[in-house]
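Enquirer: Got a structure for you, questions after.
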């Protein structure tokens, strides 16, 4: 059996109980007449179970099926093996066309116009009144006699068929025409499907090699596994959907019953049309004949055409497209991005051999396609001269380096929004940064897969005589499977999900819920499973070349690492750490042995976690023995410093270097000046003594001599010294006086002398015009202010006031010439310290240092980044 009406089950569920055991009701499609469907049986039981009544057509169908084997024997004896194979191949093609085209056309017209049902009603085929006696018939009683005889014959034959098939209690005339038409339709379906199946099996049997060596190998073992799996799929599908969906019942009438998903319908979309044909490929493996494989591919492909043009349109008309608000979330986000950003256009995406969303006004699209064209043409024109070893290294390195680059961007973007910040601080928008990422990611995919295609193609071309045709076709099938997976993934998560939009535009997400529609209903991470099967297909196509195996392993590992260690943690952070069980997972866990293994693993995991937690508690128990105030070192440090000062005063009572109010304030927030009091014995004082400001981390190595430059952060102790260094040093000396025993003074370091960098600093008193240290002050902290960022106006006001005090603002624009210590980097640090964002120097120069533009831009960036948090 090769078909089943499956999409009904996938859209709204599947009946899981026999109609004979529950009270199932049905109604006609157009007239809404309700009725209870009769009990029916599957195809094999109807035709071959001797305990069931058989109609004339069923007997003829059974004889036709059995006769195929006698015909095969007779033709084989008379005309030989090759003729017999082609004879049954032609038969199979005929019945396959009768199935997909014949049944397809019948169902198409039945779906759109209820053609079969209306024909039965028009000609009173299931009515008690004969056609030529029906006063209400739409046909005139003067119709020609042949037509009357024909329809009377059809009427009698159809009624006889149903009576001979159904139990005695079945009242033919009590049921609407829809159910009776469906029962007759089933007979022709039985004939076509069984003939399709039997002729294919005979053709395959005639193609099996005679040598036992050719049969007993790994291919045959894999083929048997696929066949057994195919049988389970068919049996489980019929268990779930029953005859109603198996025979396309909803084209005739609609059942009203409780529907649920179950079994094989949790594993794959359209299982009877997808994994339900794996037996074809299992038989092709056993035969090891590429002709059988091509026939199987034709049969499978025609079934997909039937699904696309017959079943899916009917399902969408009858039940809707099956999408809900959650499944459309990413698509709505794409629309919202386009709506709010008029210069945004959908990104170029490579799907298989085609490109979507090409924009003729976007240079990067030409660059991407041009790269593909150049690589392909170069490979074709220079195929004879290309060294495959060098090409392999090129593919490997390109894939690895580009993956590291992509993964780094995603990781840093997840951790700190690094990529978005990079563009925001340079004056670009959040969406613009996302557009650049879209180009980078798509170009990465296009470049790596183009190189893989070129390398695989040259491998096949250079070693074509050793290539197995069956392996080549199977490899192409795997490539097609990966292409289908990519398309289904993009269909389910839209462009926003395909380009990791929740890494870059999480503020556009309104519902924190992962999609479970489409391919994500069956697999949690389809790109990690099916997203690399095409690469493994190249391994088959190249007859298991070692280099292709290495590339396939690289593709698989990089894919796995990206999903496991970057994508999954980010998804948990954005959507919550909710465990989503895929359809495949549900089905596997439904198997008792696997469920027991899962329970054992969970118990072991719980035991390990509990033991680790207990050990952590024990290792931290010693901390409770420490004094309660042990971690508070501030008061202790103050006491130590006072004791050291007391000792220094006793040794040299007139040596002193203290910051004003240092007991009260040890943290000076810019632009607050720092005033320093100094005292020096008269015999040690030199008019050229000077005081420098240093970072503690730079001077801690030597307490007797300063070995780093002050960088201009210094002041004289006397207004009369260092006359050639300008007024700045004179203005910093605010007081100086001398007595018989000592000289004392006061020096103020304002914004013209201070550092504009957060850190721990100290003052050093130097003897004369040298770097010999006489006194060192208590370390203190200098920090940039935190400006008010409540509103952009308040932020601008505070920023303007600060820049004015620092003397770097003129006509509302930043001018660093006013203070050599407050440059562009200091302004960037001030903004970052206040609002948490960083603007690039290039951007601030581009806006001419306009304080209004800079403050509002920084505030906008903060709002954007806050929305991404």
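Cβ coordinates are placed from backbone N, Cα and C, and glycine is handled just like the others.
The following feature annotations were taken from Swiss-Prot:
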type: MOD_RES; residues: 2; note: N-acetylserine
type: TOPO_DOM; residues: 2-55; note: topological domain 'Lumenal'
type: TOPO_DOM; residues: 77-86; note: topological domain 'Cytoplasmic'
type: TOPO_DOM; residues: 108-187; note: topological domain 'Lumenal'
type: TOPO_DOM; residues: 209-212; note: topological domain 'Cytoplasmic'
type: TOPO_DOM; residues: 234-244; note: topological domain 'Lumenal'
type: TOPO_DOM; residues: 288-362; note: topological domain 'Lumenal'
type: TOPO_DOM; residues: 384-389; note: topological domain 'Cytoplasmic'
type: TOPO_DOM; residues: 411-439; note: topological domain 'Lumenal'
type: TOPO_DOM; residues: 485-534; note: topological domain 'Lumenal'
type: TOPO_DOM; residues: 556-869; note: topological domain 'Cytoplasmic'
type: TRANSMEM; residues: 56-76; note: transmembrane segment
type: TRANSMEM; residues: 87-107; note: transmembrane segment
type: TRANSMEM; residues: 188-208; note: transmembrane segment
type: TRANSMEM; residues: 213-233; note: transmembrane segment
type: TRANSMEM; residues: 245-265; note: transmembrane segment
type: TRANSMEM; residues: 267-287; note: transmembrane segment
type: TRANSMEM; residues: 363-383; note: transmembrane segment
type: TRANSMEM; residues: 390-410; note: transmembrane segment
type: TRANSMEM; residues: 440-460; note: transmembrane segment
type: TRANSMEM; residues: 464-484; note: transmembrane segment
type: TRANSMEM; residues: 535-555; note: transmembrane segment
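I'm curious about the neighbourhood of these features; can you describe it?
Expert: Residues 203, 206-207 of the same chain lie 6+ residues outside the topological domain 'Cytoplasmic' (77-86) yet bring a C-beta within less than 8 angstroms of a C-beta in it.
The average pLDDT for the topological domain 'Lumenal' (108-187) in the predicted structure is 83.
A Cβ distance under 8 Å defines the sequence-distant neighbours of the topological domain 'Cytoplasmic' (209-212), meaning residues of its chain 6+ beyond its ends; these are 287-289.
The helix, strand and coil residue counts that DSSP assigns across the topological domain 'Cytoplasmic' (384-389) are 2 helix, 0 strand, 4 coil.
Here the topological domain 'Lumenal' (411-439) has Cβ contacts under 8 Å with residues 337, 341, 344, 347-348, 364, 368, 499-501, 503-505, 566, 569-570, 573, 837-840, 842-843, 846-847, 857, 861, 864-865, 868 of the same chain, all six or more residues outside its ends.
Note on the transmembrane segment (56-76): residues 46-48, 83-84, 87-88, 160-161, 164-165, 187, 190-191, 194-195, 198-199, 202, 206 of its chain, located 6 or more positions outside it, place their CB under 8 angstroms from a CB of the stretch.
Below 8 angstroms of C-beta separation, residues 2-3, 68, 72, 75, 79, 115-116, 185, 188-189, 192-193, 195-196, 199-200, 202-203, 206, 248, 251, 295, 298-299, 302-303, 305-306, 309-311, 314 of the same chain, each at least six residues beyond the ends of the transmembrane segment (87-107), sit close to that stretch.
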Enquirer: Who are the long-range neighbours of the transmembrane segment (535-555) in its own chain, taking Cβ under 8 Å and residues 6 or more past its ends?
Expert: 388, 392, 395-396, 399-400, 452, 455-456, 459-460, 463, 466-468, 471-472, 474-479, 481-482
Enquirer: Of the stretches 213-233, 363-383, 390-410, 464-484, which racks up the most C-beta pairs under 8 Å with the transmembrane segment (267-287)?
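Expert: If we count Cβ pairs closer than 8 Å to the transmembrane segment (267-287), 213-233 scores highest.
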Enquirer: Going along the chain, which residues at least six beyond the ends of the transmembrane segment (390-410) come within the CB cut-off of under 8 Å?
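Expert: Contacts with the transmembrane segment (390-410): 418-419, 437, 440-441, 444, 447-448, 451-452, 454-455, 458, 500, 503, 547, 550-551, 554-555, 558, 561-562, 566-567, 570.
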Enquirer: Using a Cβ cut-off of under 8 Å, list the residues of the same chain at least 6 residues beyond the topological domain 'Cytoplasmic' (384-389) that approach it.
Expert: 455, 458-459, 462, 547
Enquirer: Counting by DSSP, what is the helix, strand and coil composition of the topological domain 'Lumenal' (485-534)?
Expert: 34 helix, 0 strand, 16 coil
